[in-house]
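Per TrEMBL, the features are:
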type	residues	note
ACT_SITE	Asp327	active site, proton acceptor
BINDING	Lys28, Gly101, Arg129, Gln176, Arg358, Arg403	phosphoenolpyruvate binding site
BINDING	Lys28, Ser29, Arg33, Ser174, Gln176, Asp327, Lys354	3-phosphoshikimate binding site
COMPBIAS	1-20	compositional bias 'Low complexity'
DOMAIN	14-436	domain 'Enolpyruvate transferase'
REGION	1-24	region 'Disordered'
Amino acid sequence: MSAHGSPTPMMSSPSGPLSGVADVPGDKSISHRSLILGAMAVGETRITGLLEGEDVLDTARAMRAFGAEVTDHGGGAWSVHGVGVGGFAEPGQVIDCGNSGTGVRLIMGAMATSPITATFTGDASLNKRPMARVTDPLAQFGAQAVGRSGGRLPMTIVGAADPLPVRYAVPVPSAQVKSAVLLAGLNAPGRTVVIEKEATRDHTERMLAGFGAEIATEDTEEGRVITLTGQPELRPQEIVVPRDPSSAAFPVCAALIVPGSDVLVPGIGLNPTRAGLFTTLREMGADLTYENAREEGGEPVADLRARYSPDMKGIDVPPDRAASMIDEYPVLSVVAANASGVTMMRGVAELRVKESDRIDAMAEGLRANGVAVEEGPDWWSVTGHGPGSVAGGATCASRLDHRIAMSFMVLGMAAQAPVTVDDGGPIATSFPIFEPLMGRLGAALSHPAG
Ligand code: S3P
């Protein structure tokens, strides 16, 4: 169910060849950060290619509530008139971040070192997710948090009036936690240091440097050590948001498993901290090429070309690649179901605390559609029997999780019988044009009666 309506079941029927150009929307991670850093700069940041999905729109509303002027100029062009580091106003209302863990965790970080109080909430999915991973380091800056049991939303953060800089080793591989600490560090005097054992997406670091903050990253024996000097004046930027590799994953994976397909997905961000899925697919034997590699807005970008790949094999996905493809395991499991042999995915405990427990959600739906899945606390495996082997025919729960809903729609495109999700509404959080875009490529998506 979307935040605003009743459940909309969605069905994906076996598809003819997919072909054409898939213009996927802007990157969700970079879109959130553009709005938040724009709000913390002095003056006007202009953004083009912003993802206008529900998650990002919730962050835009939140930035207005903290005092920034956020304007939608149409067609993905936005501007943010920022209030400067430490300039946030106290919101008059509860901040509703909808479905977005990134939105709420980054915003909590950004406000935690200002002398203001804010209360955060979200939808039924977000209100189940762990927030202590963010409020623990924010407490070290001097912020206080009071939430529901287990550190869940709704939650109130009382920002630190006299923040202290922090040195924090992130205990779980999480770009959201790293980013929350860095954003809090912006308004603390002195140096804030974040250490991560495994490199996670580095958009916050890149963007902070672009906005003029003093930030350095060093790879050491301890891990990746990121040092930020607090209380900079952030200079407004012109930001071009690259297209989202996590959204590109859906047309790419669909093209690989639907017979006869040939799809071009232009302008996709290929930051190495995000591109693990494409490496994995190529190792499985996918006919996936990068064309016209270039740099846009400080991020590496290329056009992806995916063609039907009937000879893909299951592989062991290296656990040290998990952070670079964490959102892509659900759709990888759909490709694995259409490859030959076992695909083993280890080191992925974080999948259990996303918008849903993604291992459980995919295992349940894949099994209902005739696919063999095994799972443990931090691993799962899918056994595939090659092209055309998935029976399909079942209805799966999307569990308020956009990526689960879209993954099952891709499953249906290459199955023997249609696959249905109980609710396609959550797709609007990250990929509002998924249905028309996939339809133009040739996919047969429809809406059965609920
Ligand atoms: C994100 C980080 C990841 C990812 C999420 C977006 C970000 O979450 O799953 O979709 O933009 O920082 P974690 O930080 O929980 O790994």
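Cβ atoms here come from the backbone N, Cα and C positions, even for glycine.
Predicted, not measured: the structure shown is a model, and the values here were computed from it.
Averaged over the domain 'Enolpyruvate transferase' (14-436), the predicted model has a pLDDT of 98.
Packing against the region 'Disordered' (1-24) from elsewhere in the chain are residues 54, 98-99, 123, 243-244, 247-248, 251, 254-255, 258-268, 308, 392, 395, 400, 405, 408-428, 431, 435, 437-438, 440-450: each is 6 or more residues past its ends and has a CB under 8 Å from a CB in it. Closeness to ligand 1 is met by none of the binding-site residues Arg33, Arg129, Arg358, Arg403, no Cβ falling under 6 Å from the molecule. For Arg33 (3-phosphoshikimate binding site), the nearest neighbour among the listed recorded positions (Arg129, Asp327, Arg358, Arg403), judged by C-alpha distance, is Asp327.
If you count neighbouring Cβ atoms within 10 Å for each of the binding-site residues Lys28, Arg129, the highest count belongs to Lys28. Here the Cβ of Ser29 (3-phosphoshikimate binding site) has 28 other Cβ atoms within 10 Å, regardless of which shown protein chain they belong to. Of the binding-site residues Arg33, Lys354, Arg358, Arg403, Arg403 has the largest number of other Cβ atoms within 10 Å of its own Cβ. Local packing around the Cβ, expressed as the count of other Cβ atoms within 10 angstroms, is greatest for Gln176 among the binding-site residues Ser174, Gln176. Per Cα geometry, Asp327 is the residue among the recorded positions Ser174, Asp327, Lys354 nearest to Lys28 (phosphoenolpyruvate binding site). Around Asp327 (active site, proton acceptor), a 10 Å sphere centred on its CB holds 23 further CB atoms from the protein chains shown.
Nearest to Arg129 (phosphoenolpyruvate binding site) in space, judged by Cα atoms and limited to the recorded positions Ser29, Ser174, Asp327, Lys354, is Lys354. Within 10 Å of Arg403 (phosphoenolpyruvate binding site), counting CA to CA, the recorded positions Ser29, Ser174, Asp327 contribute Asp327.
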